[in-house]
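Here the structure comes first, spelled out in structure tokens, and everything after it is commentary.
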Amino acid sequence: MARPDDEEGPAAAPGHPLAKGYLPVLRGAPDGEARAEPHGGPEAEHGGPGPGPAIAAAPDGGARGPLAAEEETQARLLPADGGEDGPVPRRSARTALSPRRFAVLLVFSAYSLVNAFHWIQYSIISNVFEGFYGVSALHVNWLSMVYMLAYVPLIFPATWLLDTRGLRLTALLGSGLNCLGSWVKCGSVRPHLFWVTMLGQSLCSVAQVFILGLPSRIASVWFGPKEVSTACATAVLGNQLGAAVGFLLPPVLVPNTQNDTDLLVYNINTMFYGTAFISTFLFFLTAIVFTEKPLLPPSQAQAALRDSPPVEYSYKISIWNLFRNIPFVLLLLSYGIMTGAFYSVSTLLNQMILTYYEGEEVNAGRIGLTLVVAGMVGSILCGLWLDYTKTYKQTTLIVYILSFVGMLIFTFTLDLQYISVVFVTGGILGFFMTGYLPLGFEFAVEITYPESEGTSSGLLNAAAQIFGIWFTLAQGKLMSDYDPMAGNIFLCAWMFLGIILTALIKSDLRRHNINMGLTNGDIKAVTVDSLMDQKPRVVMLSKQSESSL
């Protein structure tokens, strides 16, 4: 049973106008006018008994009669004082937290885990698949890079689908394509069927497009303001855990037995069929558990968005607004650099380790596991820290700097011939580099509110895929022509640029201000249908939002 969220912000007493607050605008009132209820209710100024139904003014000045509930207000963000500068409290809406949110988060994290496992399961034992299919290292690298390649052109239709058709359909597509790709792979375990395994991996890469953009949307739609960052970090955690399992299990399930082809076929079948059965089970769970949204909004920010008429939303305008938002563009580039570097390191980790530690395929997987598990701890700690402090820019910048330091340490200790040192440095690198991922999502939602979370996170992931492909190809070329140190120094240089870009981001916590009942004072919204103008109007939040339109 849902419980009220009594920590959403200050509530306004019914029937009391706020000096700098927000008053309901009656349907039919002229532009810029709002009727405030006097103290004690709408009849109090005439000596009436107290609170009662709202009365609309007829065009001739007389009373039109009680308004229906759905007609009473079409815009709820009109300042009573005409929009003076300075923070203003906002009328609180009823909010509640649904217990179902934990099931939604768990199921999403589970099928996101399987999708990430698909991504890394080839590259961590690249030498095994090179020998089995008789292909080059670049062919096997493309089994990982196809995830990045598919994301870039498909992110725009995927985010459009999320914003217009909703969370449930997007979740079903992600889980369903994941399941389909798993079964296609089961038919590829023959040395001449590399193209079939590429087809199955391509289907899983398309599923990823409907998965990576959901953590911030699920957190915002289902979780309250004091748990939203932790929920987003937990959703991202599922994908990270999948990468960790992908580093750990394939070297164990499919050891290098090139001299025994029948045993190798059996081992690959075991991995592929096991993944397919799990993916099918999770698809049915997704169909059962996922609903579009809870009955009541979990936060004041979500309540304000629900109050906005659907006709106001334009996907193209939302994309345009985001690209004209300078802080978001800076975050887009810095996030792409950091996450692209992580993708490149993950894809080429096996080749890096085997260059200096021959025959250590299993330990290469364990180092990858260490990197990701440390990052999972970092993600959760960063999410908890953000929920507690709301210091988005400071935390993001500090974690970025520490990731750069971790990359330098990893680079210059990789060739010391002590593999235990690589475990330690890999853990330090993963703690900060992977811990950064949910920070970028949540920071983007804050500085772009009320734009769709799916759109902002989708663009962040698209940037990450573009940088990931570029970094993987460039680092792989440097490794083959020189050595792994050259490729890692290349990444370090780009991460230093990312630090500079992050430092330039202006922090404007719009969603947090709404949840606390505070805005910039110039928030304005007008009636959707007024007697003066029947055209739909757009709700605009803050001076920065207005200037970006």
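Cβ atoms are placed via backbone N, Cα and C, with glycine included.
Under the heading compositional bias 'Low complexity', TrEMBL lists 53-68.
Taken from TrEMBL, the feature domain 'Major facilitator superfamily (MFS) profile' applies to 104-510. Mean pLDDT, taken over the domain 'Major facilitator superfamily (MFS) profile' (104-510), works out to 87 on the 0 to 100 scale.
Residues or ranges marked as region 'Disordered' by TrEMBL: 1-68.
When Cβ-Cβ distances below 8 Å are used as the criterion, the transmembrane segment (102-122) is approached by residues 129, 140, 143-144, 147, 171, 174-175, 178, 181-182, 201, 204-205, 207-208, 211, 214-215, 218, 222, 231, 234-235, 237-243, 245-247, 249-250, 271, 275, 278-279, 282-283, 285-286, 289-291, 346-347, 368 of the same chain, each at least six residues removed from its ends. Per TrEMBL, the feature transmembrane segment maps to 102-122 (among others).
Sequence-remote contacts of a segment are chain residues at least 6 beyond its ends whose Cβ falls under 8 Å from one of its Cβ atoms, and for the transmembrane segment (142-162) they are 119-120, 122-123, 129, 169-170, 173, 197-198, 201-202, 204-206, 208-210, 212-214, 217, 315, 319, 343, 346-347, 452, 454-455, 458-459, 461-462, 464-466, 468-469, 472-473. According to TrEMBL, the feature transmembrane segment maps to 142-162 (among others).
Within its own chain, the transmembrane segment (192-216) is flanked in space by residues 108, 111-112, 115, 118-119, 122, 133-135, 139, 142-143, 146-147, 149-151, 154-155, 158-159, 161-162, 167, 170-171, 173-178, 180-185, 232, 235-236, 239, 438, 441-442, 444-445, 453-454, 456-458, 461, which lie at least six positions past its ends and keep a Cβ under 8 Å from the stretch. Among the features that TrEMBL reports, transmembrane segment is placed at 192-216 (among others).
The transmembrane segment annotation in TrEMBL covers 270-290 (among others). For the transmembrane segment (270-290), the residues of the chain that approach it from at least six positions outside its boundaries are 100, 103-104, 107-108, 110-111, 114, 117-118, 121, 167-168, 171-172, 175-176, 178-179, 182-183, 185-186, 188-189, 249-250, 253-254, judged by C-beta separation under 8 angstroms.
Away from its own ends, the transmembrane segment (326-345) comes close to residues 144, 148, 352, 371, 400, 403, 407, 429, 433-434, 436-437, 440, 443-444, 447-448, 456, 459-461, 463-472, 475, 491, 494-495, 497-499, 501-502, 504-508 of its chain (Cβ-Cβ under 8 Å, at least six residues beyond either end). Per TrEMBL, transmembrane segment is recorded for 326-345 (among others).
Look at TrEMBL and you will find 365-385 (among others) tagged as transmembrane segment.
Here TrEMBL flags 397-414 (among others) as transmembrane segment.
Within the same chain, residues 215-216, 219-220, 228-229, 232-233, 236-237, 240, 328, 331, 334-335, 338-339, 341-342, 345, 353, 357, 366-368, 370-379, 381-383, 386, 392-393, 395-396, 399-400, 402-403, 406-407, 409-410, 413-414, 453, 456-457, 460, 505, 511 sit at least 6 positions outside the transmembrane segment (420-445) and bring their C-beta atoms closer than 8 Å to a C-beta of that stretch. Per TrEMBL, the feature transmembrane segment maps to 420-445 (among others).
Sequence-distant contacts of the transmembrane segment (457-473) (same chain, six or more residues past either end, CB-CB distance under 8 Å): 141, 144-145, 147-149, 151-152, 155-156, 158-159, 162, 212-217, 319, 322, 331-333, 335-337, 339-341, 343-344, 347-348, 440-441, 444-445, 490-491, 494. Residues annotated as transmembrane segment in TrEMBL: 457-473 (among others).
Long-range contacts of the transmembrane segment (485-505) within the same chain, counting only residues at least 6 positions beyond its ends with a Cβ under 8 Å from a Cβ of the stretch, are 327, 330-331, 333-334, 337-338, 341, 344-345, 348, 352, 393, 396-397, 400-401, 403-404, 407-408, 410-412, 414-415, 443, 447, 467, 471, 474-476, 478-479. The feature transmembrane segment is assigned by TrEMBL to 485-505 (among others).
Residues 334, 338, 341, 352, 356, 378, 382, 421-422, 425-426, 428-429, 431-433, 435-436, 439, 484-485, 488-489, 491-492, 495-496, 498-499, 502-503 of the same chain, all 6+ positions outside the transmembrane segment (397-414), place their C-beta atoms under 8 angstroms from a C-beta of that stretch.
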